[in-house]
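To start, the structure under review is shown below, and the notes come after it.
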Amino acid sequence: WIMGHMVNKKYQVDEFADLGANAIEFDVTFDSNYKADYTYHKVPCDCGRTCGRYEVFTEFLSYVKNETTPGHPSFREKLVLLQLDLKMSYLTESQSNEAGKDMAKKFLNYYWNRGSNGGRAYILLSIPSIDNYLFLTGFKQQLKTEGFEQYLDKVGVDFSGNEDLDSIVNVLGRLEDEHVWQSDGITNCWTRGISRLQDAIKRRDEDESRYGIKKVYTWTVDYYPSIRYYLRLGIDGVMTNFPNRVEYILNEEEFPGSLRMATIDDNPWEKYVG
């Protein structure tokens with residue numbers, strides 16, 4: 001998965017898709033009532049990017065619905081994954097639960113269109129901390145309450161705060177969620193060691209538990225040598241400000257036999273066996 005980073009404006013969806021992204025990541029903030037309000041990343045953000053651009057969340061969601069709905073004039077076939085970077089680390093457990101319920105309602109109304117020709121992309125909920133795990137519980141509960149449990153097949157979870165992997169695995173067991181991605185990374189302004197990333201990859205490959213890690217990705221990787229390096233480690237996704245660079249490298253002689261861009265037919269909740 002080539003994951004376009006910080007795609008918080010409508011026009012950037014097209015910009016990053018044109019550069020080769022088959023997934024986009026956007027930031028989501030919450031108001032004082034724990035309801036999703038904007039696609040916004042405050043200062044600081046990645047080097048070389050402009051912080052602070054935003055859209056009203058529901059308007060942005062409607063826009064990407066059109067981009068991922070077959071038959072719509074704006075449909076982009078290659079755009080198959082939406083990742084939400086949830087800016088909610090300050091919320092309590094009960095507040096996280098309420099935020100999850102609100103998010104499910106917004107997806108039903110503005111993305112899935114309550115079953116009437118809505119968007120088809122997979123959804124990855126990136127939760128900043130295991131302390132906010134009840135967000136996922138609230139999200140699932142709301143879908144079930146409203147009779148749209150089938151959409152759970154499209155939704156996965158990622159705990160994105162670089163926390164202890166054993167602690168994350170324990171929470172995943174309590175959540176009983178099989179659609180698990182695991183991230184590791186840092187802003188492109190800095191470098192980061194790879195020991196935790198390698199541990200996540202090892203767990204993905206060796207852990208056969210039902211609620212184990214299925215995919216591993218790293219962020220934010222922009223430079224050609226770094227992209228090649230991480231691909232060689234065996235990651236499933238690269239979050240980047242330059243999707244065209246990842247696409248270019250995937251077509252180099254080293255990788256075409258083992259790696260390719262994911263399509264809608266590739267299940268993001270299953271381990272890849274190359």
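For all residues, glycine too, the Cβ spot is worked out from N, Cα and C.
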Listed in Swiss-Prot for the Mg(2+) site shared with Glu25, Asp27, one of Asp85, Asp102, Asp131, Asp153: Asp85
As recorded in Swiss-Prot, which of Cys51, Cys189 forms the disulphide with Cys47: Cys189
Asp85 (Mg(2+) binding site) - helix vs strand vs coil (DSSP): strand
Mg(2+) site shell beyond Glu25, Asp27, Asp85, criterion: Cβ within 8 Å of Cβ centroid: His5, Met6, Val7, Asn8, Phe26, Val28, Thr39, His41, Gln83, Leu84, Leu86, Ser126
Lowest local Cβ density (other Cβ within 10 Å) among binding-site residues: Asp27, Asp85: Asp27
Residue among the active-site residues His5, His41 whose Cβ has the most other Cβ atoms within 10 Å: His5
Largest tally of Cβ atoms lying within 10 Å of a Cβ, found at which of the disulfide-bonded residues Cys45, Cys47, Cys51, Cys189: Cys45
